[in-house]
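Notes follow once the structure below has been shown.
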Amino acid sequence: MPYKLKKEKEPPKVAKCTAKPSSSGKDGGGENTEEAQPQPQPQPQPQAQSQPPSSNKRPSNSTPPPTQLSKIKYSGGPQIVKKERRQSSSRFNLSKNRELQKLPALKDSPTQEREELFIQKLRQCCVLFDFVSDPLSDLKFKEVKRAGLNEMVEYITHSRDVVTEAIYPEAVTMFSVNLFRTLPPSSNPTGAEFDPEEDEPTLEAAWPHLQLVYEFFLRFLESPDFQPNIAKKYIDQKFVLALLDLFDSEDPRERDFLKTILHRIYGKFLGLRAYIRRQINHIFYRFIYETEHHNGIAELLEILGSIINGFALPLKEEHKMFLIRVLLPLHKVKSLSVYHPQLAYCVVQFLEKESSLTEPVIVGLLKFWPKTHSPKEVMFLNELEEILDVIEPSEFSKVMEPLFRQLAKCVSSPHFQVAERALYYWNNEYIMSLISDNAARVLPIMFPALYRNSKSHWNKTIHGLIYNALKLFMEMNQKLFDDCTQQYKAEKQKGRFRMKEREEMWQKIEELARLNPQYPMFRAPPPLPPVYSMETETPTAEDIQLLKRTVETEAVQMLKDIKKEKVLLRRKSELPQDVYTIKALEAHKRAEEFLTASQEAL
């Protein structure tokens with residue numbers, strides 16, 4: 001049988017170090033120097049949009065799925081344009097003297113004067129302008145600053161030996177003055193809670209300047225002349241903490257730059273690694289247990305996905321605790337859909353590195369399993385299948401009973417997408433090989449749910465998928481299938497007998513009550529109409545034979561091009577869209593693409 005083929009299990013690979021060691025001191029613990037630069041990340045295969053589960057194991061050095069810039073999903077109807085609104089923005093301390101003098105071009109100045117001119121331009125770009133209350137003010141000087149930033153970006157990209165020791169404090173100061181600021185309050189602080197799946201983000205009004213500042217600093221970090229030994233005097237813990245605070249920005253373009261910059265710093269400054277991980281943990285703890293609101297969780301998880309990929313084996317206790325105490329509780333937050341692909345990637349990376357963590361992870365997922373949120377339940381099923389794709393048979397035997405009890409509940413779900421997603425597990429060859437090896441324990445758990453729903457589920461598609469699962473079980477072990485059928489029949493008969501005994505007992509109690517002289521005084525009102533059970537009748541022998549014939553004739557052979565249902569994004573109404581926001585997000589160029597294009601131009 002095709003599902004009998006075992007998946008080739010490879011030992012987890014440790015990502016190679018691509019960061020050049022610096023003398024800034026190693027982060028203790030014998031951990032690999034994780035890659036300093038996130039590789040250009042291809043568009044991922046979304047979890048809920050993949051082919052029917054296959055047995056191909058994901059390579060352990062794959063990149064984490066990138067965060068989507070725009071989460072707005074359009075329906076087929078006409079787009080409703082939103083009226084302009086006053087744009088919120090960060091709280092900048094505007095410079096008093098905003099009159100800038102245009103300085104000579106760097107390329108036209110004598111070589112010996114370029115360093116001093118470069119410093120003058122960096123200081124000139126520390127002047128902050130008003131983009132909110134009076135966007136049309138100081139247009140001439142805003143253009144001078146924009147042109148200066150643009151020129152410095154080109155200069156540091158295409159020139160060599162320009163990042164001298166005197167440039168480091170000036171570049172870090174310019175970045176800090178422009179970027180480290182008080183973020184605006186929530187878009188709608190007094191009204192309904194901000195919904196990241198529906199509400200459009202507030203874009204930063206000062207982005208024309210901020211974007212160039214980010215681009216300059218990223219090129220500064222990427223420059224071949226950059227020396228972490230010198231930079232560590234200025235890029236310290238205080239700088240990193242201020243950088244992490246910016247991840248709560250609503251503007252996804254800003255978070256995209258921050259993600260790349262923080263990852264570069266993590267790779268180049270070994271002495272800051274433990275501090276960065278600790279501060280990210282604190283952000284997650286506040287998010288889980290206090291605020292349940294933070295805009296940058298997906299980006300932080302994306303960074304951690306690359307970091308986890310580079311952890312040395314065996315894993316340190318600190319890293320295991322991070323998985324159990326931080327990553328697993330992140331599953332219970334209401335806004336899980338915003339960052340779930342990145343979270344699932346991190347979890348699977350841990351299990352690929354150390355299979356002994358599988359049991360606590362699956363037990364934790366079952367603990368946080370959603371009870372009333374069906375789209376979230378589909379996400380859990382997606383992640384659980386990814387975990388089963390890399391699970392060791394010895395670990396599977398430890399968790400299969402609680403795992404399949406939960407799957408039986410999912411198969412019985414009235415929400416057809418939950419039931420459908422659970423039944424797709426039976427098209428995964430590796431999962432079927434695990435089930436085949438443990439059929440005596442799995443089939444008795446699953447059979448009642450499959451049989452009951454093959455007759456009672458309201459959705460016809462589910463019937464076909466159930467028949468397919470039953471057929472696979474029948475082919476796997478005919479005798480065990482017959483035993484489960486007879487056991488199910490016997491259990492139903494016992495249940496019916498117990499129900500009859502209970503009814504007879506109540507009738508006796510009622511008869512005794514009627515003998516009481518005071519019975520007319522306390523007689524209950526007329527009884528309610530009888531409650532009819534939705535359960536099917538006890539299966540007869542004819543039912544059993546009919547089940548076998550039906551399974552043989554109606555089992556659906558899953559086609560390879562059937563796609564899983566996408567994780568639902570709640571679209572409560574056709575909301576008006578802000579055209580400016582949509583165009584701005586579409587025009588944004590990701591930091592990885594930006595760096596790749598500049599390297600090709602060299």
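In case you wondered, yes, glycine gets a Cβ from its N, Cα and C as well.
As annotated by Swiss-Prot, region 'Disordered' applies to 1-96.
Taken from Swiss-Prot, the feature compositional bias 'Basic and acidic residues' covers 1-13.
Feature annotation from Swiss-Prot assigns region '8 X 2 AA approximate tandem repeats of Q-P' to 37-52.
The compositional bias 'Low complexity' annotation in Swiss-Prot covers 46-55.
Secondary structure from DSSP puts Thr63 (phosphothreonine) in coil. For Thr63, the entry in Swiss-Prot reads phosphothreonine.
The phosphoserine annotation in Swiss-Prot covers Ser88 (among others), and the record cites a large-scale study or a structure entry as its basis.
Feature annotation from Swiss-Prot assigns phosphoserine to Ser89 (among others); the stated evidence is a large-scale study or a structure entry.
The annotation phosphoserine is assigned in Swiss-Prot to Ser90 (among others) on the grounds of a large-scale study or a structure entry.
Per Swiss-Prot, the feature motif 'SH3-binding' maps to 523-530.
The feature motif 'Nuclear localization signal' is assigned by Swiss-Prot to 548-565, with sequence analysis given as support.
Annotation source Swiss-Prot lists phosphoserine at Ser573 (among others), citing a large-scale study or a structure entry.
Sequence annotations record features per position, and here Swiss-Prot assigns phosphoserine to Ser598 (among others) based on a large-scale study or a structure entry.
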**OP:** For Thr63 (phosphothreonine), list the number of other Cβ atoms lying within 10 Å of its Cβ atom.
**Re:** 18
Original post:
Taking all residues of the motif 'Nuclear localization signal' (548-565) together, what is their mean pLDDT?
Top reply: 56
